[in-house]
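Undergrad: As annotated in TrEMBL:
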- 101-187: domain 'Acyl-CoA dehydrogenase/oxidase N-terminal' (DOMAIN)
- 206-292: domain 'Acyl-CoA oxidase/dehydrogenase middle' (DOMAIN)
- 304-432: domain 'Acyl-CoA dehydrogenase/oxidase C-terminal' (DOMAIN)
- 504-622: domain 'ACAD9/ACADV-like C-terminal' (DOMAIN)
- 26-56: region 'Disordered' (REGION)
């Protein structure tokens, strides 16, 4: 049985810096067992001033993507979500129209930022009785589209701010909320996350440590946090630190706690803003803490619950920053389309060149898929109580970031050197895209989280099969039955008939998705049988597993959205069907190749050769091959 502690996954990988059913307006009741949870309405604890009806939520479902690793599909979730009913839709559209008028009236970046603050952008997820709008994730994503399309930097700052404010409302004490939520909701003060550290800690999860002073009933915070976005202007900092009680001062630290710290408190020092490749309007600073005094009311959640707070923060920020990434992708594509239409070459317009058109079409598919994943994920978060959607959020971030980077280099191919000229619109987009790709967390660390979460889930569900696979001598009948098994990676079998849950025009996509899910299950079983718990250290194979999961979720979201569009008769629905079938065909082939590589193992593929070469590179500490003109005689 593969068991990997949840907090270890977060600390190690998330923060490592060094149909017919489609016409339904709600998710349906499921035949898959539900997990009952108490309703998690995020009230402030005081008298609730309600000018907005509470969003209706259904019972928690079993994990959607994690179950794909064991070949279980909750077919009810294939209905693309319509999280907002008609009243909610009308209200949020009206509010966004008001905000759009504010955005269009901004003459400069400074005036735009102030007008957005006055319009309540920093209180989008704050509770109503503290002056906020208390938006759900779907509504927030819809608003972030508008803000991000106008100013990526403001969108990034406001997105981080709103995610932390939501955490404070959920996990903060009444005293903490009363002291800061009013100012944070109005935007008069902002909050930034101080999570990342340049140096790897020794013996603790973080080198930043909060120790308890029992005599004065206070905490003392010491350490350094790097890459704090907007840290020069933020009034508060959300800090994650290793903690221990007095009696454990000499023991290995195994807990982390989240604190909300006044950025002006005594003992806090900030460096000059770090020069970054992109996001010139957003400053990143390093913040050091030296015996910063905090009370117990500064704890967000409870002592030792920092991992839970972090998971919730990452879940929200990964989805909402993906919204900003999609806006960058749209700006790239629209600029390139205009350039190709207006620019002539020796033989005609650039738009007449076939390979250019193909690349633009692939970019449109990527944008459509990323957008579909975002709103499928927000639907899971909004419509079910306490839904486990950590993996879906991470997958969405990984897919969006990688596709954005692919689009970022296209101007170098189609436009040429002028795309890198200082001041050119595409140059600014390129810089922001590269910054987005490496912002906050590495994409590989996100993929490690995806793969290990899925493998852990599969390990717990199929541990008996894995045990038999790893002990063939003691289980001969099991080995023989596997030899005659007809369901293989080369020729997977249908098992759930997904075509029954999508529009008939999407039958090809349904078959390709189903084969891909089957291949993910078989590849997962193969990897666990080969490595067991040591799979944690098989990083190349982990990336392949994650890539398969990312592709499958993108295919599912794309097909479900296209099916809904065709069923309700949206404009361009025929093109959406065409796009979905094309995207799923290409994605299925990529999944097949990845699954086959996982089945073959490192000695049949070239993995072992590359690993051997990399060890020699480390040994020589440089590129070591002799020059091609060198002679030895």
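Every residue, even glycine, has its Cβ placed from backbone N, Cα and C.
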Undergrad: How many of the residues that make up the domain 'ACAD9/ACADV-like C-terminal' (504-622) does DSSP mark as helix, as strand and as coil?
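TA: Within the domain 'ACAD9/ACADV-like C-terminal' (504-622) the tally stands at 106 helix, 0 strand, 13 coil.
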Undergrad: If you run through the domain 'Acyl-CoA oxidase/dehydrogenase middle' (206-292) with DSSP, how many residues end up as helix, strand and coil?
TA: 3 helix, 47 strand, 37 coil
Undergrad: Please average pLDDT over the domain 'ACAD9/ACADV-like C-terminal' (504-622) for the predicted structure.
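TA: Average per-residue pLDDT within the domain 'ACAD9/ACADV-like C-terminal' (504-622): 95.
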Undergrad: Which numbers of helix, strand and coil residues does DSSP report for the domain 'Acyl-CoA dehydrogenase/oxidase N-terminal' (101-187)?
TA: 68 helix, 0 strand, 19 coil
Undergrad: Run through the domain 'Acyl-CoA dehydrogenase/oxidase C-terminal' (304-432) and tell me, per DSSP, how many residues are helix, strand and coil.
TA: 106 helix, 5 strand, 18 coil
